[in-house]
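A.B. asks: This is the feature table in TrEMBL:
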- 103-124: transmembrane segment (TRANSMEM)
- 136-162: transmembrane segment (TRANSMEM)
- 183-203: transmembrane segment (TRANSMEM)
- 279-300: transmembrane segment (TRANSMEM)
- 321-344: transmembrane segment (TRANSMEM)
- 419: active site (ACT_SITE)
- 421-441: transmembrane segment (TRANSMEM)
- 461-483: transmembrane segment (TRANSMEM)
């Protein structure tokens, strides 16, 4: 009342207001997130409704309900599939938050620790700094063979599907045996798309592991892209023939070439594009890929090779296996993070930026998953979209919606088999550890379809269970595959038969020792 201000009272009041604001913040953020989610879902629903109404306007007003039902059961045209929109990758948005960026800095600090550890140990053992990268040189060896193989694969993917589509479409209108013609060209496309050539080269030239990964993964990627291109354009040709159109809707070769390089497996004639290329962003992403490569090198040098080189010469026992699995969890999880960050974030974003490809949703917040169903949907959105639109939905279109469980199981089995095919060719032996984990945790643990959006299991405890099982799974993968790799080195067989590639060598090798 005399014009004086009680400073202590003001400070106390300020602290009370801050405390009240902190208490209200979680509820406020939860409410905002809920309303924002409802708004986005409503927006997507309205967009789909507009698409369906616009396509429905093609039917006359006098169209009967039976005809409308029949039209709805037909295979959805391409525009009813995935909708591309301009959006950033989730990590790019999260890294703008200083708290999240600090986690990224912690991983960089861990890399520096690995480098210092390696340099100091080499200096103590050798008396000098050893700066060689023999492991990297070995795993990426025979690069000229890899490049020539990729060039042949890419050329075949450009020429064969595009020419087959043109020949089939041009003669389809005038052909009197359309079913036989379609079957003939379909068989040609299937035989050309299987691509036994890259597998033969990877095995016959004894390419090292990383080089094999490049060849085989590119083989799988190009086959999936070729299938998408044919799958999206064949219905357009059939529709034009049905409408007795004078022109055949064949995409330009430039559109197909753009799709082959674009970071998506769903073909469209046009995609949302950014106005300019940020070359600094591209350089940063490629530098992060290179840094992740060296990160993986130091993980193997410091955490994997010393452990498995010694353990592979010891007698096999249950205690050793359990210790091996738990000791492999840390390198396994770090490798998982590096694969996600280097490929799904950095590599795909770099190519998206160079091509001005605006839809950057290559993954979602898989780390918040409360089930493996949600994990598989959000870990790799690029592959999940392909499986959903071309395997799951086409399966239901062909056999009917009553077979959703069979559709999910068949798609899941094919995905697991392709993963196992890649690992078998790249490692040079068949050891279906990943396949068993896929089928065990993937199809049994979630208890629901990976293509159903509403997860029944919520809450932090399920996220903890998911992460725990993921950690253990990574430990099992690193441990068993590494033991088998070194067993094949220490216990080679003369004139191996086909069965020798299928039988686990690590079991018999340990018993011999």
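The backbone N, Cα and C atoms fix where each Cβ goes, glycine too.
Not measured: the values here are computed from a predicted model.
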A.B. asks: Which residues of the same chain, at least 6 past either end of the transmembrane segment (103-124), have a Cβ under 8 Å from a Cβ in it?
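C.D. replies: For the transmembrane segment (103-124), the far contacts come to 95, 130, 291, 294-295, 298-299, 301-302, 337.
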A.B. asks: Sort out the residues at least 6 away from either end of the transmembrane segment (279-300), same chain, that have Cβ-Cβ distances under 8 Å to it, and list them.
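C.D. replies: Answer is 107, 111, 114-115, 118, 133, 135-136, 331, 334-335, 338, 341-343, 345-347, 349-350, 353-354.
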A.B. asks: What is the total of other Cβ atoms whose distance to the Cβ of the residue listed as 'active site' is within 10 Å?
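C.D. replies: Cβ-Cβ neighbours of the residue listed as 'active site' within 10 Å number 16.
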A.B. asks: Any chance the transmembrane segment (461-483) and the transmembrane segment (136-162) are in contact, meaning at least three CB pairs closer than 8 A with a sequence separation of 6+?
C.D. replies: no
A.B. asks: Given a Cβ distance threshold of under 8 angstroms, which distant residues of the chain, six or more beyond its ends, lie next to the transmembrane segment (136-162)?
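C.D. replies: That would be 189, 192-193, 195, 197-198, 201-202, 205, 207-211, 214-215, 218-219, 222, 225-226, 229-230, 253, 256-257, 260, 293-294, 297.
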A.B. asks: Mind checking which residues reach the transmembrane segment (421-441)? Cβ under 8 Å, same chain, six or more beyond either end.
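C.D. replies: That would be 199, 202-203, 209, 212-213, 216-217, 220, 372, 412-413, 415, 469, 473, 476-477, 480-481, 484-485, 488, 501-502, 504-505.
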